[in-house]
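First the structure, in the form of structure tokens, and then the observations on it.
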Amino acid sequence: MLRQVTRACPFCEVRSLLGQAPRSLQPQTRLYTQVQREAQRERGSRDSNTPSRPRDRRTPETDAFPPSSDRGSRGRSPRGRDDRRPSRMILSDAVSRPPQSDQRPARRPQEPFGHLNRTRAPPSLERERERRESHFERPKRNDDGKRRTRAEPYHALKMQRSLHEVPYGNRTTIKRKMELYDSFDKMPLLDTVQAAIKDALPALEYRSPTPAQSVAVPALLGLEAKKRTKATSTKKGGPEAFLLAAETGSGKTLAYLLPTLDAIKKAEQQEKEDAEAQAQKDADEAAAKAQDKRTDIFAAEEPEVNKAVDPARPRAIILVPSAELVAQVGAVAKSLSHTVKFRAAPISAKMSATVIRNQLFNEKGVDVVISTPPLLASIAESNPNILARVTHLICDEADSLFDRSFKPSTTEILERATPSLKQLILCSATIPKYLDKYLADRFPDMNRLVTPNLHAIPRRVQLGVVDVNKDPYHGNKNLACADTIWQIGRSTGEYDPAEGKEAVPTKRILVFVNEREDTEKVAQYLMSKGIDALAFHRDTDPSRQAKTLASFTGSDTSTAIKSSPDAPPKPELASKRTLANTKVIVTTDLGSRGIDTVSVRHVILYDVPHTTIDFIHRLGRTGRMGRRGRGIVLLGPGDRADVVKEVREAMYRGEALI
């Protein structure tokens, strides 16, 4: 016979029918009316014991986080939690701060202008405002009865205010360090390294370090070593870790190359002195043995021992995420090697096995190896001793190297090189939260070298917006892109050498898209409109990639871009008009990471980037090394206009996109 069904717990009802209900669950099998009656009694007793207060009163801290009912059901997971973006797509707002320690934090003194950098009122003023509002009983509310709050900035991208985690005193300290080393002559570099700077910067009349170089070079040379605590001083044998976080186009490559080469040459001098002392010692021992041999006629002669020399043992390893960066960093290292006298070996998967073998296992040896993590990790598996003498490991574009695709091979190289490693240097223009957390756990004592303009797009870069939905485009992004390029290159199109007009330099424009398939489509459309455009993506032929980037990186600006024989044929032009002296590359994020496009003045964002990280890297291809630049966003149907608006406002104020 079935008993009365209750609404308290259906699982308990099933257990009761089977006769297996535990004692702890027996109170849950009560009638629903009985449970409801007991809940009303408890609620009444609680209300009688607590004083009455306004229902909608909230503190400033809770006001910034409204209840879940106000947010709506949009963007919630099945478990009831808010859907959050992955940490690899969110910039970290505490890059300059080391991880929290168990020690009591030191009390920070009040700076003379410290109150100007505050983004929230002091707690005393907050309590005073709450007291006044409760006294007059006139809280500011909206029509629906909720308390009215000031809209937080950067709501669309979930950002925060500029330099919220970098106090005024920290920024003053960084600027003071930059003033101390405003010239390379003030840095204690070797004479050969000082002379090599002229070869690396031939186009600059006044060679002065950038903010990233002023902060990083002295620290990497050991001039500003941090005072280690008792906990860290007990650790012995670990490498000294550095994080160089600086904006795009700030000269990070030269910032880590100069101290590394200085350390390599000093180590060579020390080894040379030790070798001379050892040779003198061996000569003395040989003379003593020769004297003993004359007296002892039965002494046996010792055979000559030939010491095996393995040339594939570099002293420094530079890891980069792409083959294009291998060629770029290798070119900078080659320009320094003529004066400093060291051997650099840039290797990538685009090279043949014979070329890689000749680069690494050269009889003359190798000092610096520039490679991608997967290639070097595969070589280290077959030749484990290749990382046995590495003292400096540099991870350029660390946010990409410690992402899901490169992290296994990067960590494998780091583990193999740790026994002999002295310095670990991580460089990046963007520090996502996942990387910041990983470094805090793996290297808690890491020295963080952060410039004041981290995660900010330079103010010398202007951002314009083209609304594709309006006339005359009517939602056609291809037409809007072609028209924008024609407006940029119109001044160069008027150049006619027959009429004796002044020559206009060739304008180079980068067009960024989100999908790899769109590169070919957009490039074909631009070519049909008389624009010299090429597609650049991962599947592009390696020889064609080198020719395409040669003119845009400044390595070969005198020659024009020529299509390789394997390139697809250009379509028939829709009209006889062609845009002269203008070169365009349509690319994905492959062309936005680390490539030094010094000759690019204009960047067009065909698609709105997914994250602020992509915004920083794409717009960072222009306005490099103190030059001016311009970025143009094509805002089409379905794009986030609020995101573009907030990025534009942040760029106008010079704030960080965090």
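Cβ from N, Cα, C; glycine included.
The following features are taken from Swiss-Prot:
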- ALA246, GLU247, THR248, GLY249, SER250, GLY251, LYS252, THR253: ATP binding site (BINDING)
- 25-37: compositional bias 'Polar residues' (COMPBIAS)
- 552-562: compositional bias 'Polar residues' (COMPBIAS)
- 233-449: domain 'Helicase ATP-binding' (DOMAIN)
- 25-150: region 'Disordered' (REGION)
- 268-292: region 'Disordered' (REGION)
- 552-573: region 'Disordered' (REGION)
- 182-214: motif 'Q motif' (MOTIF)
- 396-399: motif 'DEAD box' (MOTIF)
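In sequence order, PRO211, ALA212, VAL215, ALA216, LYS252, ALA255, CYS427, ALA429, LEU449, VAL450, THR451, ASN453, LEU454 are the residues of the chain that are 6 or more apart from ALA246 (ATP binding site) and have a CB within less than 8 Å of its CB. The ATP site, placed at the center of the C-beta atoms of ALA246, GLU247, THR248, GLY249, SER250, GLY251, LYS252, THR253, has further neighbours from the same chain whose C-beta lies within 8 angstroms: THR210, ALA212, ALA255, ALA429, ARG624. Helix, strand and coil counts under DSSP for the region 'Disordered' (268-292) come to 25 helix, 0 strand, 0 coil.
A mean pLDDT of 79 is what the model gives for the motif 'Q motif' (182-214). Around the Cβ of SER250 (ATP binding site), 25 further Cβ atoms fall within 10 Å across all displayed protein chains.
Secondary structure from DSSP puts LYS252 (ATP binding site) in a helix.
Under the three-state DSSP scheme, ALA246 (ATP binding site) falls in the coil class. The Cβ of GLY249 (ATP binding site) has PRO458, ASP596, GLY620, GLY623, ARG624, MET625 as same-chain neighbours under 8 Å, each 6 or more residues away in sequence.
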